[in-house]
Amino acid sequence: MAISDWPASERPREKLLERGPDALSDAELLAIFLRTGCKGRSAVDLARELLSTFGGLRALLAADCKAFCQGLGLGEAKYVQLQAVLEMSKRHLGETLQRQTQFANSQSVKDFLNSQLRHRRSEVFAALFLDSQHRLLSFDILFNGTIDGAAVYPREVVKKCLAHNAAAVIFAHNHPSGVAEPSEADRQITDRLCRALQLLDIRTLDHIVVGEGDAVSFADRGWL
C-alpha cells in the first residue's frame, strides 16, 4: 500500500508535523529523507529494508559511497544528500556548544562528541580546547588511526594547546568496535598527556571515549 493511502495520522510527514520528530521511528525518519520507495515498496518499507541490511542507523550513516549505493534504489545523489544532512547536524551541535558560556555538565560535551566521532569507521583522537572560563576555542581531530587504534604524540598535543592559547582541554577518541569501555592503554596515554600539560599549567578536564550509543567519561569515574 502506498503511503498516500495510509491514514493521515500514520504518514511520516504528517506524523512529524503533528507530534514532532521524536515520535517517529528510525525507519519513518529515513523514509522522509528517501521521499519515495521503489519496486512496489513504500518509502517506509525501503527504509526498514535498508536499516536491516546495514544493521541499523549508525552503520547506514557510516557507510561509504560504494556500500551505500549498493542499497536498493540508492545512488550517489542520495549519498551526497545524506552526508550533507549529517554534516549539518554535526555543525549545529558544534555551534550550540561554542555559544555556551561554559560547560554546565559533561552530557552536552558527550552529545557533541557522539555526533562527531560515533560514526567514524577508524579510530581518531580529538580534543576540545578551552579558555580559562571553559568556553570552547576549537575542536580538532589530532590523530587518525586504523580500526585498531590511533597513535598519540604528547609533543604534538602540547603544540596544539599553545597554538590555541588553551587553558584547559578535554580529550576524546572513538572505539569503532562500539564498546566505549576505556582500555589500559587509554588510561596510560591520558596520564602522559596530563603530566605534559601540567608543566604548562594547562588543565586536563576529561577524556571521553565514544562507543555506539554510549560514552565513558574519565572525570565521571574519578580518574582525573
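Using the three backbone atoms N, Cα and C, a Cβ is placed for every residue, glycine included.
Annotated range for motif 'JAMM motif' in Swiss-Prot, selecting from 89-102, 173-186: 173-186. Residue counts of the domain 'MPN' (102-224) by helix, strand and coil are 38 helix, 34 strand, 51 coil (DSSP-based).
The record gives H173, H175, D186 for Zn(2+). Within 8 Å of the mean position of their Cβ atoms, the other Cβ atoms in that chain belong to E123, F125, N174, A180, P182, S183, V209, V210. Taken together, the residues in the motif 'JAMM motif' (173-186) have a mean pLDDT of 91 on the 0 to 100 scale.
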